[in-house]
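**Student:** First the structure, then my questions, so here it is.
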Amino acid sequence: MANSSVVESDASHHHVGYHSSRTCSELSKQEVSDDVTDVTVPMSEISFISDSARSDGYNPQDQKVKKESFTAFRVNYLIVYIAIMLADGLQGTHLYVLYDGYNFNVATLYATGFAAGGLASPFMGPLVDRIGRRTSAIVYCILEMIINVLEQNQILAGLFVARIVGGITTNLLFTVFESWLVTEHRKKGFAEDKLEIILRDSVISSNISAIASGFIAHQLANYLGAVGPFEGAVGFTFVALILVATQWAENYGSESTEIKSISSYMREAFVTIKKDSKIARIGIIQGLAEGCLFTFVFLWSPILTQFASLIRDKDDFVFGLDSNNEPAYGLIFGGFMACGAIGGFLEPRLRKLIQHFLDHFTPVNERLSCQSLSSSDSTELTEGNSSVGSGDDNDCETNKLTVQLLASFCYFLAAIFISVPYYVQNMESSFILTLGSFLMYEFLIGVYMPCEGVIRSIYMPNDAICSMMNMLRVVVNFAVAIFVISTNIISVDKVFALLSAALFSISALQLSLLDHDQLRILKSAAKRLFSFTSVSCDSCDLGEIKKNDDLFEEHAKPISTGTSKSNRSTMENEGLRRRVNNSSSVPTNIR
């Protein structure tokens with residue numbers, strides 16, 4: 001049986017909480033131009049202004065110190081996270097083989113673990129927020145070492161205890177480290193966009209750790225037997241334990257000095273979820289998406305084994321099969337992780353591509369209207385430099401719209417790819433088609449995981465994020481328990497059909513999170529795109545649209561700094577109307 005078929009440990013390499021939120025600039029480019037237009041500054045005052053700006057704002061030395069502080073914080077977190085992921089991957093690569101060798105029902109053991117996790121989820125988050133994230137991380141490491149020791153013994157009761165405790169530690173893994181990072185990052189005063197850098201590094205390091213853990217586990221199994229990877233997992237977990245205990249500071253779910261009970265944390269999280277239906281929908285969406293992932297990790301190995309047996313010509317080379325015409329589980333597992341890493345790497349680029357599409361096909365007056373509704377601060381920070389937020393990425397509504405559209409589109413494509421085993425089950429080429437679809441599914445996981453973190457950061461309050469995430473994980477645990485235990489009743493290919501239906505549903509549900517302004521932008525862009533494709537290239541091409549957009553932006557600028565806002569707005573609107581009415585190269589139905 002596949003030595004890579006795992007659920008909790010393998011899937012944890014995919015689940016990287018990706019909290020990041022871009023806000024909007026309070027000082028727009030329009031207002032910057034207001035300050036500099038028609039203003040004459042004497043040369044004698046330039047040095048004074050420069051010195052004042054330096055003393056009141058930017059200080060190169062302070063920026064250098066802050067950058068070094070962020071780098072140290074980033075490295076500290078990633079070292080711990082990599083150690084945890086290596087330990088998790090080591091036990092994961094051989095867990096299925098170990099249970100199968102013990103002649104126990106693997107599906108029942110897995111379902112028991114997730115059921116226990118579902119029951120514990122509502123209590124784990126409030127408990128973590130109450131006792132602290134650092135303390136919870138230490139508890140996680142200790143429990144993981146106990147689990148790895150129990151699983152080295154062929155005692156059914158001990159394995160059930162290990163699975164029950166494993167269900168609890170899985171909740172901790174998916175919430176404690178992420179919530180500690182987000183809270184500590186903000187407590188230290190680092191820019192919000194810097195958080196995205198660490199979380200993107202986590203996506204890549206998680207997948208690289210998964211690939212490395214497979215190789216290390218293979219070597220340990222050769223030298224120490226089937227229990228070798230579990231002994232190695234104890235070692236890596238101990239390293240993480242020492243680093244957390246000595247390097248991490250404690251943080252809690254609330255900065256308030258008031259001592260809260262576990263029930264009060266649960267009550268506050270429940271009230272917040274009940275008050276905002278979007279949070280409940282996010283829980284259902286991301287819970288089912290993660291449940292599908294966990295179930296996929298449990299099922300990909302047996303379905304590929306089944307389809308490999310359908311290949312008649314055993315002499316021909318088939319990608320993904322070893323010399324014994326069995327699926328090359330280790331290489332396939334590495335391919336999955338590589339696809340996930342590529343997806344995580346390309347996610348910001350795909351998001352920018354959608355952003356460019358929205359900007360290109362959204363009329364300028366819609367974009368100006370959206371910008372006028374935004375009043376939050378934004379800073380466009382990248383590694384090595386910083387600047388006042390400007391450009392497309394700092395538009396609040398379109399950025400929120402972009403990440404939600406990308407997530408919905410990924411869910412939709414994932415539903416298509418994961419349904420392939422159901423439709424090709426009787427074909428001789430079913431193995432290669434299914435393997436290709438699984439690789440694409442893993443790529444999409446790498447893309448939508450960061451999007452999910454951004455969406456959580458938009459809608460979930462920081463002071464109780466761990467409590468809410470754990471309460472919403474009830475959906476994950478019970479969904480996986482149902483999907484996995486169903487393999488004892490229905491065929492594996494039909495379970496893939498159920499997973500596909502769930503992903504189609506959450507793709508549509510994701511779009512329900514869009515508010516009125518985001519729907520207006522999307523509808524306007526879609527209408528303009530449809531109009532563009534409906535007319536001849538001679539009468540309307542992208543160059544003409546861009547040219548007229550530039551004319552709009554030109555007239556959107558203020559005439560002078562002494563003009564009142566109301567008069568300036570009137571002149572801008574009048575100028576916009578004149579441009580629309582006088583434009584002969586762009587059909588009016590596009591505007």
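Using N, Cα and C of the backbone, Cβ positions are placed for all residues, glycine too.
Copied straight from TrEMBL:
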COMPBIAS  560-572  compositional bias 'Polar residues'
COMPBIAS  581-591  compositional bias 'Polar residues'
REGION    556-591  region 'Disordered'
TRANSMEM  75-98  transmembrane segment
TRANSMEM  104-124  transmembrane segment
TRANSMEM  156-177  transmembrane segment
TRANSMEM  223-245  transmembrane segment
TRANSMEM  284-308  transmembrane segment
TRANSMEM  328-346  transmembrane segment
TRANSMEM  405-424  transmembrane segment
TRANSMEM  430-449  transmembrane segment
TRANSMEM  470-490  transmembrane segment
TRANSMEM  496-514  transmembrane segment
**Student:** Output the single range from 75-98, 104-124, 156-177, 405-424 maximising the number of Cβ pairs under 8 Å to the transmembrane segment (223-245).
**Tutor:** 75-98
**Student:** Would the transmembrane segment (470-490) count as touching the transmembrane segment (328-346), if touching means at least three Cβ pairs under 8 Å and pairs must be 6 or more apart in sequence?
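**Tutor:** No, the transmembrane segment (470-490) does not contact the transmembrane segment (328-346).
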**Student:** Can you find at least 3 Cβ pairs under 8 Å between the transmembrane segment (430-449) and the transmembrane segment (104-124), where each pair is 6 or more residues apart in sequence?
**Tutor:** no
